[in-house]
Amino acid sequence: MNTTTTTTTAATKRSSTLYMVELAMMIAIILLMSFTPLGYLRTPGLSITLLTIPVAVGAIILGPKGGAVCGLAFGATSFYMAVTGSSAFAAALFNINPFGTFIVCIVARVLEGWITGLIFAALYKSPAKKFSYYVASLACPLLNTFFFMGFLCLFFYNTDYIQGIVSSLGVSNPVVFVAAFVGVQGLIEAGFCFVVGSIVSKALSVALKRA
């Protein structure tokens, strides 16, 4: 093995180690936030979550795979709340259909993180590079809402529990239900993630000399 090969191998190992350390830190932040008011802000309906922020940052800094893992961590905390009953809404879904709840809580968040990473990677290599951080940070909460509510309607819309909510909102179809149910909460999540996510990810990229 020549010197060049040895140097390349060592650099690859250092890069891989750094990646794993950064990923572990993002997962730790997600888990820490999830068990504090910073992660889930309780409301009578859906909880307002700020966990899309570290997922967005992870997807931008660590790529699609890192984003998917961060999304998995986010989804795992949501599913944990469903299983333990710490979220009344999620617990009700789990009692109706555990498999459907798994898809809503976990698969939706994995897709959210993965696609956010793909969006950033595509924009970063395009003439729209300067907008990549902002678009990806906004896309993350929007994807979270899209997949969460999409799977919710797919698995639970026709259940008595969701139909009771539909009736209380006075709506007549899934599209209007999503708009009414998410409402201001979705705008708050999107706004926070757009501002904080883009600032933090841009700063980290500069610190890591990736910008």
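In case you wondered, yes, glycine gets a Cβ from its N, Cα and C as well.
As recorded in TrEMBL, the features of this protein are as follows:
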{"type": "TRANSMEM", "residues": "18-38", "note": "transmembrane segment"}
{"type": "TRANSMEM", "residues": "44-62", "note": "transmembrane segment"}
{"type": "TRANSMEM", "residues": "69-93", "note": "transmembrane segment"}
{"type": "TRANSMEM", "residues": "99-124", "note": "transmembrane segment"}
{"type": "TRANSMEM", "residues": "131-157", "note": "transmembrane segment"}
{"type": "TRANSMEM", "residues": "177-200", "note": "transmembrane segment"}
Open item on the list: Can you work out which residues elsewhere in the same chain, 6+ from the ends of the transmembrane segment (44-62), have a Cβ less than 8 Å from its Cβ atoms?
Closed with: 19, 22-23, 26, 29-30, 33-34, 38, 69-71, 74, 77, 87, 89, 109, 112-114, 116-117, 120, 132-133, 136-137, 139-141, 144, 165, 181-182, 185, 188-189, 192-193, 196-197, 200-201, 204-205, 208, 210
- [ ] Using a Cβ cut-off of under 8 Å, list the residues of the same chain at least 6 residues beyond the transmembrane segment (177-200) that approach it.
- [x] 43, 45-46, 48-50, 52-53, 56-57, 60, 133-134, 136-138, 140-142, 144-145, 149, 153, 157, 165-166, 169, 171
